[in-house]
Amino acid sequence: MMGLPMMTILIFLPLAAAIVVAAIDRKKTGALYGVGLAGSLAALALAAVVFVRFDPDQAALQFVERMAWIPSAGVSYHIGVDGISLPLVMLTAVIMPLALLSAWGSIAERIKEFVFSMLVLETALLGTFLAADLVLFYVFWEAVLIPMYFIIGLWGGPRRSYAAVKFILYTMTGSALMLVAIITLYLHSGPSLGARTFDLAQLRQLRVAMPLQAWLFGAFALAFAIKVPVWPLHTWLPDAHVEAPTAGSVVLAAVLLKMGTYGFLRFLLPLFPQATLQFAPLLSALAILGIIYGGIVSWAQPDVKRLVAMSSVSHLGLVTLGVFVMTVPAMQGSLLQMVNHGISTGGLFLIVGVLYDRTHSRLLGDYGGVAALMPRLAPLALIVVLSSLALPGTNGFVGEFLILLGTFRANPVYAALATSGVILSAVYLLWMYQRVMQGPVAVKERARMTDLTRREQWLFIPLIALIFWIGVYPSPLLRRSEASVRALVQDVRERGNAAHLASHESRVTSHDR
Amino acid sequence: MVVEVIIFVFAALGALAGGLGVVASRLPVRNALSLLLVLGSLAVTYLLLAAQFIAVLQVIVYAGAIVVLFLFVVMLLHRQLGAMSPDRLRWQGPVAIGLSAAFLILMLLTLRFATNAAAPAPAEFGTVESVGRALFTSFALPFEVASVILLVGIIAAVVIGRPASRPVAAPPRSSAPSPVGAPRR
Amino acid sequence: MVLEVIVALPLAGWLINGLAGGRLPRGVVGAIGCGTVGAACAASVMAAGDPAVAGGGLTATLFTWLSAGEFTVSAGLFMDRLSALMALVVTGVGFLIHVYSIGYMADDPAYARYFAYLNLFVASMLLLVLGGNLLVLFVGWELVGLCSYLLIGFWFDRERAASSGRKAFIVNRIGDAGFLLGILLLATTAGNLQFDRLAAASGGMAPGLLTAATLLLFAGATGKSAQLPLYVWLPDAMEGPTPVSALIHAATMVTAGVYMIARLHPLFLHAGYTLSVVAAVGAVTAFFAATVALVEWDLKRVLAYSTISQLGYMFLAMGVVMMPAGMFHLTTHAFFKALLFLAAGSVMHAMRGVVDMRRLGGLAGPMRWTAAGFAVGGLALAGVPPFAGFFSKDLILEGAFEWAQRGGAMLVWIAGLATAFVTAVYVTRAMMLTFAGPAADPGHPHEAPAVMGLPMAVLAALSFGGGLLGARVAGEPLLRYLEPFFVDSAIGVLKDRPMPAAGVITALPVAVSLAGILAGFALYRDRREVTLGALGRFLSHQWYIETLYDAVIVTPAKRLAHLLADVVETRGIDGAVNGVGALVGRAGLAVRGLQTGFVRNYAAAILAGTILMLGYWLFR
Amino acid sequence: MSVPLEAYLALSALLFVLGTTGVLVRRNALVVFMSIELMLNAVNLTFVAFARQRLAIEGQLAVFFVVVVAAVEVVVGLAILIAIFRTRDTVDIDDVDLLRG
């Protein structure tokens, strides 16, 4: 398009800003944050252009850029966007400026390093969502860990090093296995595709015989499931969230977790359709367990951040369910719900951050009656809470309804069980809202509970606007994802079943390499 | 060609004697001088092997610069160089000698793979010109990298060698102690 | 266009009062709050006059809301005879209560927030009744629940108010989960959620599926309309401001379940025994709530249980296929129950918030008009002719009797009759304890200001004359108006009603009501505390239903949550993760001795490794 | 080339082993350094010997680079040595064991 490598510019714009930040004097706080914000806002503007010019009727990748990177190893720099990655790219582009803005005034130490890390993180995230080559994807996927590790480990709470190490070890365990699977795929691609390649589009043609396909599926699924996190692989999440600074929590919840569910859609399903169909019931069952378990456990948390973190387990259980029931509405709902969860849970963490900046406490017991002291925060917080519990009219409902609709079509029992999440989310979120905002004023230092500053208000205004926009008029998003999702569902169903029939005459077996 | 053999034998004996001196002598100055003997002897063998440029390099850089550097350090530290704490690794010596012997035997065993069929060297082989031509054409990049490494080495030596705890004397104008060199937090 | 305006007007009021209300003078806030609803009322009258409403219905499609796969739902509004009636009730009663609120809330610091919430409620309720398909209805359905939550917990600094609001929301959510599943079932089988398409498809759907779907929808209705088993939130909802109780928890929102069944009556009619369940639930709830109201001391909670009971009547009417009568009772109930609440609010206003009837009494003197209003409402509630409640309740009981004769359970009719008696008793009790006798609390009660009195007067007039809408002598205009809508259902019953049999059946409820009033008068004449012994204890614990819920659901759920969070999560799942970590750490400790710190050791190790590799290469 | 290749290689091996012995046995950091130089020179000798036998000038270039790196190494190494000596007052490498597990 226009001869400009739009996607490359989009990915590396934040990195360029990061380099500029590195050159700025560390005492100039305003300039550091200003450049960081400008970089991420520029990326947002570019992403918006992509969003507008995106052709909703096309299922394949658009804005494709492709060139050889390591030709001898079949690695290419292949990027592009389709209906599955577009919402997540938009989400990343929206959340990062907000996260940076939330840190402005909240993080006072090593600002330069912080802004630098955040911008590098944005580049890595955008790259993860736009890569169409397995090696490129893996590089970005792992690159995300590094800035996130530092964000938790340097600017986190008292147990930050435990949380950071747990986060990085847990997620790397999964991705190490994925790397093995990627290389195995590469080795198999030679005999049947003519030349060995890491290119996703070509690897999709590959038909891996069944026992091996199941193993590869398992390796990929584990890496993604840890990231999501699918129950019972979730325990790194509460620790990471509790210890991370606000901006880190926001990005972690809003975007990082979506890497897992995005991975399901982008890699797991198209690469291993047969294994997907075979293991979908297992993953659906885990997802439902996560919905219920996360909801119940959230209710009993004394720590606000931990509560919200556990609620993510529940919400992402629903997203995972939507992926694996393999119907068009459910998958579109899943995709939308990824965005919605980013907005609402990101918002919840921003609220917690605003409160934490004032009281330096995360315990529900230390709050109470905040609405009387912060009358501007209370309605904004309520809207975010309502969005998170999927009240109709807010974004959460649209996603949840579509997931449940698609799930019901595939399996009414799943849908009935998943609907319990609707009740549970109301239970724990309203419990939280009441403990923090309502009741007699129980905060110890009233004087510190000043209402939102102008900067803090601007954190919420975009989120609230998005909540209502997606809740009332989600068509722009749904329309752009429909073609790709439909193609994916059809592809997986056809090849999954066809492979089942033709597995004995498969051209690739596990011993030829 | 017997001359060559004789020269080689003398050079080899010199090198071995020097090597023994480096390892065995308890006097640092003697160690350094033994090293000089090794380097010189090897320079002679290089000449036998049609490597004039390398031989010259050996004398200038190794014998001329490096050994001198060693001697400077010996001079700087000479008082304490003899003082050693009691040996805490009593097994190390015998094990080391055993290992070294085993390694030597293995290496000598590899000699049976050597093929001994060398053509006479052309006149220009190993001259400054031929080495220089190779260095500035196909090996230009490594050459440049080597220069960078040298630069980095110089900087590193300056930084490491500077006294860490004491800051460089601050200019008298500023009253506050200048934190140059001290890590900033 | 007019439909959008009806919904948009209160929505605009919400936006203005919500965003800028804090900076506006009170008069302007009140004017916006009332004006938008009043204008919506006028617009509703205009829309209802549109010939399209009487015909196939007035539709307005705004845009495609959801579209995924083959499934499409548009954001659209729709008005036919049924929704016209509902819109008029909502905006009409709503307007009166808004006006009343100007006086009632005059001293509240959060005046603007109050009107913003109230306007949002009216907008949501209008969305509910004017929704063009089931999903839009559901949006309104949930949003009115939100408004209910917000207004119950309006004085959020009171722990009880906040908890009651939360309870209301969660209990409603339980019902709504069923409702949502019902919608999913219908969407999956019928493929569409337009009301007319659903009605058309209902004939061809498998009866089992249809029964399941309608039962699920009814589960939602039991939550929203506070029927057994999900009634528990409504008595607690009385923590909110009294006008809110009048508007949301008596006149409009709680009737949404009834409206929903009326709206989807073709489905319910085709769905096997669902309607029998509805009738049974309605009858049991009506009787249960009335008996509890008999022993309640809190004036507002008496009215709350009364509302539950009257809603039971409406469901009873729906269940026995007397749907027009149910809608008729919905309308009259909106008048007289709103009146009763407003009168109670007037009492609270005068007595500075006292609602315990043991501390009230003798208010008939200083608050003559309020007492008169309460009396009119009470008589209407008791079903004394010619007050409005008489006509509608009578029609329902007639329907129940005929239903029994056509093979239904006679018990439903008997329960309805018994409820009529109990209703008369408790309303007399409330009247006596509040207004009769000597003043129990030495205060200076004063009559409500005109801005509160006027709406009560209008409602009193409607409670008195509203019965004409369905009275036979007046030609049953409301029932005739609704007939075309229910053309394939209850109208058959309505038309072929054997007139002679009605004599005794009509007389019986009246007699029962009068007997109840007399009994109440006799019992509470001298303000005795009638305890009723063990029965009284049973009743004052609401038949131990909430105790049962606490023991069986709430407490075990909390225990489970703590068990999972404190044991399974930390020791089980995370314990396993940390256990793996600890295992690796211990292995590291074991081999750490190899790292001696002596460079010479390391060098020896390197050499040994080199020897091994060289040896392997040489001798392989 | 009348002196056989094996002779050079054997000389190289002997020098190398002398170097390793020095590194393993001696505790004086300065002597250890010299022993390392000895090993480097042994390797250089093989390079030059093979370069002569195969008439490949690259072997000699490798020596060139080894010499460069060795020079840097000695400079930096001796600087470290002096820094250690300044703080710990010793040149016994056994006294520097901060990496003990």
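Glycine residues also receive a Cβ, built from the backbone N, Cα and C atoms like all the rest.
It is C:201-223, from the ranges C:201-223, C:546-568, that TrEMBL records as transmembrane segment. The DSSP breakdown of the domain 'NADH-Ubiquinone oxidoreductase (complex I) chain 5 N-terminal' (C:65-115) into helical (H, G, I), extended (E, B) and coil residues amounts to 29 helix, 13 strand, 9 coil. For the transmembrane segment (C:30-48), the partner stretch with the highest count of Cβ pairs under 8 angstroms, out of C:84-102, C:201-223, C:408-427, is C:84-102. Of the Cβ pairs linking the transmembrane segment (C:201-223) with the transmembrane segment (C:408-427) and spaced 6 or more residues apart, fewer than 3 are under 8 Å, so the two regions do not touch. For the transmembrane segment (C:84-102), the list of distant contacts is 6, 30, 33-34, 37-38, 40-41, 44-45, 47-48, 53, 114-115, 118, 122, 125-126, 129-130, 241, 243, 246-247, 251-252, 259, 327, 330-331, 334-335, 338, 342, 345, 451-452, 454-456, 458-459, 478, 481-482: same-chain residues at least six beyond its ends, Cβ to Cβ under 8 Å. Counting only same-chain residues 6+ beyond the ends of the transmembrane segment (C:268-295), those with a CB under 8 A from a CB of the stretch are 202-203, 205, 207-208, 210-211, 213-215, 218, 222, 227-228, 231, 261, 301-302, 305-321, 400, 403, 408-409, 411-412, 415-416, 418-419, 422-423, 425-426, 429, 488-489, 532, 536, 539-540, 542-543. Spatially, the transmembrane segment (C:302-322) is adjacent to the transmembrane segment (C:408-427); three or more Cβ-Cβ distances between them are under 8 Å for residues at least 6 apart in sequence. Away from its own ends, the transmembrane segment (C:408-427) comes close to residues 276, 279-280, 283-284, 286-287, 290-291, 293-294, 302, 306, 309, 312-313, 316, 319-320, 378, 381-384, 393, 396-397, 400-401, 508-509, 512-517, 519-520, 523 of its chain (Cβ-Cβ under 8 Å, at least six residues beyond either end). Between the transmembrane segment (C:244-262) and the transmembrane segment (C:114-132), the number of CB pairs under 8 angstroms, six or more residues apart, is three or more, so the stretches are in contact. Beyond its flanks by at least six residues, the transmembrane segment (C:334-355) meets 89, 93, 96-97, 100, 103-104, 238, 241-243, 245-247, 250-252, 255, 298-301, 303, 306-307, 310, 363, 366-367, 370-371, 373-374, 376-378, 380-381, 387-389, 434, 441, 443, 445-448, 452-453, 455-456, 459-460, 462-463, 466 of its own chain at Cβ-Cβ distances under 8 Å. Over the domain 'NADH-Ubiquinone oxidoreductase (complex I) chain 5 N-terminal' (C:65-115), the average per-residue pLDDT in this prediction is 90.
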